[in-house]
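Enquirer: Okay, these came from Swiss-Prot:
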- C30-C63: disulfide bond (DISULFID)
- 35-229: domain 'Cupin type-1 1' (DOMAIN)
- 282-431: domain 'Cupin type-1 2' (DOMAIN)
- T109: phosphothreonine (MOD_RES)
- Y299: phosphotyrosine (MOD_RES)
- S301: phosphoserine (MOD_RES)
- S367: phosphoserine (MOD_RES)
- T395: phosphothreonine (MOD_RES)
- T420: phosphothreonine (MOD_RES)
- S436: phosphoserine (MOD_RES)
- 1-24: signal peptide (SIGNAL)
Amino acid sequence: MGRVSSIISFSLTLLILFNGYTAQQWPNECQLDQLNALEPSQIIKSEGGRIEVWDHHAPQLRCSGFAFERFVIEPQGLFLPTFLNAGKLTFVVHGRGLMGRVIPGCAETFMESPVFGEGQGQGQSQGFRDMHQKVEHLRCGDTIATPSGVAQWFYNNGNEPLILVAAADLASNQNQLDRNLRPFLIAGNNPQGQEWLQGRKQQKQNNIFNGFAPEILAQAFKINVETAQQLQNQQDNRGNIVKVNGPFGVIRPPLRRGEGGQQPHEIANGLEETLCTMRCTENLDDPSDADVYKPSLGYISTLNSYNLPILRLLRLSALRGSIRKNAMVLPQWNVNANAALYVTNGKAHIQMVNDNGERVFDQEISSGQLLVVPQGFSVMKHAIGEQFEWIEFKTNENAQVNTLAGRTSVMRGLPLEVITNGYQISPEEAKRVKFSTIETTLTHSSPMSYGRPRA
């Protein structure tokens, strides 16, 4: 009995110490009293392009749980197969290309045949037909959902750089490790190492085959030891993105021109309803599919688990916005998600307010910059260039927003008596506050016509 009491006492002591430690650490975890537009902190150069990495240990990224990267793949550049320890959403900012992914346990569904035999590789043995998992065509505006542990590759088959941005959710249950972004390389290497991993000595990052003995690889693949050593890329300094010499012969569906002048799209292979070939890509750059559209102002499109069911697994969603000069997104906050806002084109003036009613961001933000929008923080966007375009990644598969002004806003839902007494204004002023803005999301902005604040 005494032994049991001692164990219980010891356990309670540990629990108290742990809670005390957590209480000391947690207050500093999300003290977001000053936010900044973020730039990449590390550039990883390769033969066929570069990877730009944001420091996810920065307070606002650490609090939101996001890790953020930008990939620039030059023409004929191949981003070699890699998987992550977290689910991610990738957005095509510029260019076009091909993308393939390998879902664990799924069979090859793309096979060479008279229908899908375009661009077959050179030097293949007579009668040999390749087969592999799904390959997709990519274009600007495509948003790609990738679960953790799924190997993925990209190829630029265009004449301009293929630019992608990716947000990984390190705080989700897809990540069973620490809050470090860990790319696992199937092929290639990273001569510069992973500077963003705290506490790890800087050294070259090799692919996962490098850690196995060549003899073991030879037995596993039933190949000779020399070929096994080639898999390890030990003498290869091209990096994660390599240049492809000559034709890139992979099996993929042909493109057909969309109706009414729309962007080309793939011919379906008839298997999209199965788990192994479930749809993971949605294009957000078509205004005709937008959730909010006004020709004079712009459009906003959302992507969630209702229109892309794989997002239920990732617990992520996205929002694409494009607004014209002097258009404004009415002040709003994310109800159930953090967001990472990346500017793809143009400039805007953004103000953000925290739970203390303090303005924590009041700056211009421009193309290539990243801004974290924490849950509950109210934010206003005002385009100051000819056009402002952005993509937001959110940490909920069905992220919701609420607005401060407009037809569906919190103010519209309050009784006039609450507004008059809460702000000490007349009933007439309360009516103007509640009913003057008839838009729901986008409005024109001409602040000088409304006068200046009292000193």
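Heads up, the Cβ atoms here are built off N, Cα and C, so glycines get one too.
Surface or core, plus neighbours and distances: that's what I need for these features.
Expert: Annotation note: C63 (disulfide bond) sits in a helical segment as assigned by DSSP.
For the domain 'Cupin type-1 1' (35-229), the model's average pLDDT works out to 86.
Taking all protein chains in view, 22 other C-beta atoms sit within 10 angstroms of the C-beta of Y299 (phosphotyrosine). In this structure, Y299 (phosphotyrosine) is part of a beta strand by DSSP.
Sequence-distant neighbours of S301 (phosphoserine) (same chain, 6+ apart, CB under 8 A from its CB) are L284, D286, D289, A290, D291, L319, R320, G321.
Within 10 Å of the C-beta atom of S367 (phosphoserine) sit 15 other C-beta atoms, taking all shown protein chains into account.
All protein chains shown were included, and the count of other CB atoms within 10 Å of the CB of T395 (phosphothreonine) stands at 23.
The Cβ of T420 (phosphothreonine) has S426, P427, E429, A430 as same-chain neighbours under 8 Å, each 6 or more residues away in sequence.
The number of other Cβ atoms within 10 Å of the Cβ belonging to S436 (phosphoserine), over all protein chains shown, comes to 9. Look at S436 (phosphoserine): DSSP puts it in coil.
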Enquirer: Measuring Cα to Cα, tell me the gap between Y299 (phosphotyrosine) and T395 (phosphothreonine) in whole angstrom.
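Expert: Cα to Cα, Y299 (phosphotyrosine) and T395 (phosphothreonine) are separated by 22 Å.
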Enquirer: Give me the count of other Cβ atoms within 10 A of the Cβ belonging to C63 (disulfide bond).
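Expert: There are 17 such Cβ atoms around C63 (disulfide bond).
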Enquirer: Report the nearest neighbour of T395 (phosphothreonine) in space among the recorded positions C30, C63, S367, S436, comparing Cα positions.
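Expert: That would be C63, nearest by Cα distance.
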Enquirer: How many Å lie between the Cα of C63 (disulfide bond) and the Cα of S367 (phosphoserine)?
Expert: 23
Enquirer: Give me the non-local Cβ neighbours of C30 (disulfide bond): same chain, 6+ apart in sequence, Cβ-Cβ under 8 Å, ordered along the sequence.
Expert: P59, C63, P374
